[in-house]
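Inspection log for the structure reproduced underneath, given as structure tokens.
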């Protein structure tokens, strides 16, 4: 055997050497093999029987009897012993096993379309395909290929029994050429029924191929993926065979014995062998015969398929090898100066095909295609060859002065007279190295094409000789000239050549220009905005420079200050203290004030001037413009706010504290000596108080007229602004005093110049005129001051207001008021309307006539018309249009046909019934006037009634006073109460009290806000959704919105639809009041439709897409969202989350898992997927040995494959090969069949199967426990309840709308009804709160129990997962360290084949602890775990149902209470609105009754109408009900008591902490007893203190713990009260405050508890310290015994000892008491926890409360008004 193996290796080496020789002689190719070998995981089938569960299938046999059926179970890989019924796709790979026909691949029953796909890792050359079927061959199929890893597919060939039917568009028959796609019927017949083959040859040998390397042929024979699509099964017709129809599909399926895909590694003729691809296992891990995909390239080629040349082998183009032409790649020729090159086809063609390699990165200063010439700046050494590394010498030329930057002559040429290394100078350069400028030139430069430049000095700016610096070229310039050529002026000068010194100064304005720099050409300075002129001293058109007094603040617009000035005196009997006095200009006299006029200020009063328009931080002088009315001086006190300074301003004295100044009576302006500093963007206020220091009787009524307050900027506060000379001129000419005066001003030139400059500086330019377009003549204004040219009677700097005594500013100016001197109170009128202030009975714009109803201007009197006329002649007083049937100048008598005395107040009444007897409208027998009552009594005819027979009887209408209008029945379309005498007018027939929401003269129309048919009594309220209609369509106050009176359709906002405008249109969502809906904006490519969820805007995404707009890939999908999202093809059990890369789709395997789909265990791990435990440590050793052997065998297999076609050349070896084959077969038989029969493992296998079934059942039960599948039903129920609540909410909205339109009587009734409902609901909620809290605590306890049981179940599951039976021998080896396939005696423990004393097999019991015993124990544990989990499942489900029921009921109760609270609030608001309407109605009635000239019959009618109003309940009861509601709404205030109580408890805990610290301090004193004997006397005192402290400490601890418990209870109560308060009121701020207080109380309670624990800890420390005290006392006693103390001292010491021992005993007793208290507290906690057991009793109460609340809610929903 060893000899044969050596022979194999020797022959393999010979074959390899021969293959290398073949590559040297021409084209060479790798051997062809089966591409399926070693690619089990890359072979996939779309359908396999029994993958998810065992599946029955039948075969066509026993035609006369019952058909024969079998089971397919492919959940585990095929194993001849354990899994013989597994028919996965990897069974079709040829393995040369003896019993080959016992395994095959089989599809699911009855499927026509099934595909098999092979995914290769690289591009392979495909030869042919052979399929061997177990069943009938397919009736139709096709074979496809892909060369781009499955992105695009091409068909190889179609196969079908009936090509015309299966593939109608495909040509059938023989192919006419290579690669023709045809349909072949040769391999699709029904015979044979088994063992039939389908063969596909890529290149038909019947066709001659001229160029096998053409792109067409190469594309035909290469592939990366192969797909076989079965499209139709052969069916034989069950009716003919008498089969049952219900299982006819069980016998039709695809079954395949073998699949051979012959091919080789594709290497373009440049390799004879291949190796595994990168990132794949090498030969040591590959099965024998596997065809690898990475070429081992020859001929200087490279790449996976040898598709390119190696680096530096680029001299010729790459070509595939063909026959004897190897077309090897040639190396480049670079003269030893480069190791890199590339191929250039243009160079190759230009050389005639000799050389195409271009060298890269030439070294040694060389360049060129072959690095055969020197680089620029170098030249060739004639004494050295070009391949010499020092052949190129650098040039010695100045690069700045030579042509081409220092390049010299590269080589000598006698013909041209050039010498190698010679420099080539530029035109203006000279020298051997070209490093000098020629005369009268300068500046040798590399950028200058001439090398040097001529001097070129400007004659206007330079001295009269043309020379310059050789290096810089600088010419010699005049005084104010600069530049290299003296061609420009220096900064601050302009006009080259126009001045003796070369240039003129700029002279820019110091304020109008930014600097003193100007244009050197024209001298234009850089002006600030809106400033013009060469020197920037003129404003632009429409702009001006502000004067000194520009910042004026009118006293009339200032705020009056309340109170007296600090330095002023009181003023009595004068009010108000400040009064505005308008100044009226006198023609011909100058105006001495600004603004409308003055502010008349009394002594002690003040004015506040608001200053917020400061443009620049600067010091200002305050100027006050005033006029005194007496010879006495006044005093002002000034306060500036805010007073603080900043980086720009330093606080002045005036700004730091109030200052007083005198206002002389002889002047009209006062400039305060102390300046103030103001800056921009600050709101200042300047308070000015006025007073008279010497106020006597003669000045009691004195006052001062204040015009304005001005701020004058100080020029000296501007830094670096002007020179000292300018400041001197400014002060010399008194610029400030002149510019501050009122009236026309004539400024000196120096003042005007400096003021203009300062204005431009402060305002950063000129200020806009802003002349009023109607009040001014034009848009321009004065250069300094900005005064616009005003039209007549128009004043103001901008001409924007009328002068005093005029009005109506327009294009014509203003009009004078012309108020009548007798009719008006003043000569000044309103400046907008022109209305003069008239006296009481005077009217008219000018107050020049009497009011209506008055006469005799200017002494206007009321018209004397006896109240029967309103108007009279304004001059004579004669009455117009007398009423009441009166006549005369003063309406003092009755007209003809009436009687009465108007002068005495008796109205005129007709003595008619109703007309006079001579007319046709007389409906009485007679008429008379009662002398006592003065009543006119008519005796009416039949059919008429009334005092004057002027009315129809009840049930009739008409107007007897009009001819032809008899009384008729009221026609109101059945929409009135016919028994009501006031339901319609008996005179006109007009319907007055329409019912059923109707209106109109005949009740024929629906009311506004209603729709339907009034004739059919179907008028209904418009149900428009308030958010979906335009607010213009809904009346204010909550009334019904308008809708179509017939259909009820509401006017919807944009993109809103529905009859009630209650939903968004398709493709829109988010209904917003007043704006409508917004677009869904769903991605049309990835969403199912353009519609989206109307609440969330979520678009309905297609499968695989997510995001709100479906613009993202869904989790567990990958790809490009705009293009395509592909599901991750990964095994979830073997992946992490997310399971694949979102961009590439590559599966993310967890540790220990591998495979493209993460569906198998990685090498080095057990193959029990998905657990994949790491193998034993010995695995690595064996794996190395097996890999070495596998590699050797694989080499032999390749050798055998190469020698397969050369068997005829080695006849002498045929016998040896035959012997070797026999030996190999024998070895395979021995390896596959163990030394003992398989029947010995049957009993073990049965236990294995039983345990596995138990594990599967337990897994299913655990899934049920963990997943709570019935939660889905709970969620569905919750959704249904939410839908019902939504419907109820809509009903409540409709109810609210009806309530808002109800009458006061209905609202009162509803308030009473809803109050009872809300009171009942509030009571139920209060009762429910404790139940809900108890339920929540119980639910938490149950969840704790559930977690405990779950952890136990997880532990059982983990134990079960450890029970695995991969293989009997491997399992025994892992358990006992030995495979167990030998007798039991030498083993450390019993194996799988243990025997007893009598030789019988023993597989359990003592001494046999192998896999069988382990399986038996595992089965027993699994059964126990199964029972535990079943009980756990029942308990968990019962508890979960109870928790969900209670939770749902509590949630429903909470929601119902919230709804009731909201309804009650709405009704309360409605009642308030109705109350306001009633008050308004009562006010109107009172005003009506108080009016004069109201007829008595109208008053009587109104009184009767008011008396007819009846409330449903007495007013006192209604008031009581409203008071109760208000009391309930104020319940939140009661929580303040709880807050105070908790604060007191916290204070008590803090005091207790102080006492505990005092006790600690007292205990520390005891520690110093060892210092002196005298301190022992303090022990007794300390003992007393300690006793009292511990006693108090114990009591305080008990009290604190009680307080803690009480605080916790109050906290829980406050939480429930907070929830109740939140239901009663919508005041979110109040709730937030209460929650903050609650959190503070909780913190206090926690702190108190912590302090109590700290006090207990201190008591324990006190005990320890006392023990230490005893020790120190003992030490001290020993010391005293040695020193010999006196008897007295020893007695005192003994007393102290006894006292200390007593103190210790007392301390220990108190510690025990504290311990007992702690135990009691724990017992109380346990008792509180036990109360949770009352949940079962409370459940019934919660259900009853819920039902009652639901019933009340239903009753409330039916309470429509």
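Cβ coordinates come from backbone N, Cα and C, glycine included.
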* Structure fact -> Swiss-Prot record, coiled coil, of the ranges 1243-1301, 1302-1360 the matching one is 1243-1301
* Structure fact -> Range annotated region 'Domain alpha' in Swiss-Prot (choices 1112-1144, 1376-1408) is 1376-1408
* Structure fact -> Across 229, 1016, listed as glycosylation sites, the smallest other-CB tally within 10 A is for 1016
* When the domain 'Laminin EGF-like 1' (265-331) is classified with DSSP, how many of its residues are helical, how many are strand and how many are coil? -> 3 helix, 12 strand, 52 coil
* Structure fact -> In this predicted model, the domain 'Laminin EGF-like 2' (332-394) has a mean pLDDT of 91
* To do: Using DSSP with the three-state reduction, classify residue 229 (N-linked glycosylation site) as helix, strand or coil.
  => strand
* Asked: By DSSP, how many residues in the domain 'Laminin EGF-like 13' (1128-1174) are helix, how many strand, and how many coil?
  -> 3 helix, 15 strand, 29 coil
* To do: Measuring Cα to Cα, tell me the gap between residue 229 (N-linked glycosylation site) and residue 1055 (N-linked glycosylation site) in whole angstrom.
  => 51
* To do: Would you mind splitting the domain 'Laminin EGF-like 2' (332-394) into helix, strand and coil residue counts from DSSP?
  => 6 helix, 18 strand, 39 coil
* Composition by DSSP (helix, strand, coil) of residues within the domain 'Laminin EGF-like 4' (455-505) -> 0 helix, 10 strand, 41 coil
* Give the distance between the Cα atoms of residue 1055 (N-linked glycosylation site) and residue 1016 (N-linked glycosylation site), rounded to the nearest whole Å. => 34
* Structure fact -> What DSSP reports for the domain 'Laminin EGF-like 8' (863-910) is 3 helix, 10 strand, 35 coil
